[in-house]
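Heads up, the thing below is written out as structure tokens.
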Amino acid sequence: MRLMQEEMIGYGSEEEREMESSSSSCGGSIVELGFQEKKSMKVVVVGYALTSKKIKSFLQPKLEGLARNKGIFFVAIDQTRPLSDQGPFDIVLHKLSGKEWQQILEDYRLTHPEVTVLDPPGAIQLVYNRQSMLQDVADLDFSDAYGTVGVPKQLVIQKDPSSISDAVKKAGLTLPLVAKPLVAKSHELSLAYDEYSLGKLEPPLVLQEFVNHGGVLFKVYIVGDAIKVVRRFSLPDVSKRELSRSVGVFRFPRVSSAAQSADDADLDPCIAELPPRALLERLAKELRRRLGLHLFNLDMIREHGTKNRFYVIDINYFPGYGKMPEYEHIFTDFLLKLATSKYKKRSSCLP
């Protein structure tokens with residue numbers, strides 16, 4: 001049985017992937033190519049502002065080649081020049097930090113409403129902070145015929161490690177506890193087994209109750225309406241016997257980094273079964289609306305011993321799509337659909 005089993009949800013139709021052939025006087029930069037062989041194709045210009053690491057992992061040759069064949073061109077944004085002087089763009093794709101850059105994008109969104117910015121800086125900041133990251137999932141209180149989706153009980157510690165033990169008791173959290181940095185720009189985490197070791201943790205951080213989940217985590221990648229799910233190894237379950245014998249804080253640099261070695265793992269079907277498709281479709285739709293984001297993933301687990309009790313333990317903005325099977329087709333289809341939708345809205349403003 002292959003662990004890296006996957007499921008595709010929400011592919012757009014062929015009609016949705018085709019660009020409109022007429023132009024609009026409402027603005028935009030979808031223009032005809034100047035090449036003879038693609039005279040009838042329209043261009044979608046995507047300006048990108050990404051870290052060098054993200055460029056390397058995301059803008060791979062296969063993606064750029066497929067994009068060109070579909071009339072999509074990626075253009076690097078020069079951060080030393082005013083953004084309004086560049087382009088024109090149909091879409092701005094970004095993943096940079098810093099308040100100055102956030103303000104530049106917010107100003108650009110106001111002065112260029114015809115351009116789609118992926119995604120709004122304010123919405124992104126909410127998922128960078130683990131105090132607010134899972135709030136929309138908790139507020140959703142998701143439950144349907146296919147299962148329930150919640151979040152583990154958690155506690156935010158801003159400072160003073162010596163007070164953590166008392167705060168945990170007061171909040172009623174149960175050991176072991178997963179400790180994560182408050183700012184979600186690091187994937188490092190720790191597992192604390194006993195209350196005496198809690199003082200060794202370094203605030204600011206979030207403490208989450210550890211939920212046994214069979215050592216398997218579901219990566220739910222979301223690209224607009226499309227969803228891709230893969231399984232990855234996670235932290236192993238902690239038995240009551242192990243908990244009674246274990247002390248200290250164990251640090252893990254990146255829990256799901258061993259995913260590649262899990263392709264041929266033979267797992268219990270009750271653990272390996274993917275979350276129901278209908279559940280993921282509805283959950284993703286609700287979270288896209290509440291978060292105001294197009295590009296993110298959910299780290300989900302199924303509570304061990306249950307069939308349909310799930311927890312979202314993390315949300316990542318613009319995750320490592322380069323590791324997602326078939327991401328090139330999924331992402332280019334998404335960009336075309338987005339540009340087409342924006343173009344049709346602009347066209348509707350014509351008298």
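Each position is counted from 1, following the chain as shown.
Glycine too: its Cβ is placed from the backbone N, Cα and C atoms.
From a predicted model like this one, the values you see are computed outputs, not experimental measurements.
The domain 'Inositol-tetrakisphosphate 1-kinase N-terminal' annotation in TrEMBL covers 45-124.
According to TrEMBL, the feature 1D-myo-inositol 1,3,4-trisphosphate binding site maps to LYS54, LYS95, HIS187, LYS219, ASN316, GLY320. LYS54 (1D-myo-inositol 1,3,4-trisphosphate binding site) has a Cβ environment of 19 other Cβ atoms inside 10 Å.
Residues or ranges marked as ATP binding site by TrEMBL: ARG130, LYS180, 208-219, SER234. All chains included, 20 other C-beta atoms sit within 10 angstroms of the C-beta of SER234 (ATP binding site).
Annotation comment: TrEMBL describes 144-336 as domain 'Inositol 1,3,4-trisphosphate 5/6-kinase ATP-grasp'.
Summarising the annotation, TrEMBL assigns Mg(2+) 1 binding site to ASP299, ASP314. Within 10 Å of the Cβ of ASP299 (Mg(2+) 1 binding site) there are 19 other Cβ atoms, across all protein chains.
Per TrEMBL, the feature Mg(2+) 2 binding site maps to ASP314, ASN316. There are 18 other CB atoms within 10 A of the CB of ASN316 (1D-myo-inositol 1,3,4-trisphosphate binding site), with all protein chains counted.
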Identify which of the binding-site residues GLY214, GLY320 has its Cβ surrounded by the largest number of other Cβ atoms within 10 Å, counting every protein chain shown.
GLY214
Could you list the residues of the same chain, at least six apart in sequence, whose Cβ is under 8 A from the Cβ of LYS95 (1D-myo-inositol 1,3,4-trisphosphate binding site)?
ALA49, LEU50, THR51, LYS54, TYR317, PHE318
Between the binding-site residues ARG130, GLN208, PHE210, ASN212, which lies closest to ASP314 (Mg(2+) 1 binding site), Cα to Cα?
ARG130
So how far apart do the 1D-myo-inositol 1,3,4-trisphosphate binders LYS54, LYS95, HIS187, LYS219, ASN316, GLY320 get, largest Cα to Cα in Å?
20
Counts by DSSP class (helix H/G/I, strand E/B, coil) across the domain 'Inositol-tetrakisphosphate 1-kinase N-terminal' (45-124):
36 helix, 19 strand, 25 coil
Distance check against ASP299 (Mg(2+) 1 binding site) for the binding-site residues GLN208, ASN212, PHE218, ASN316, GLY320, keeping those with Cα within 10 Å:
PHE218, ASN316
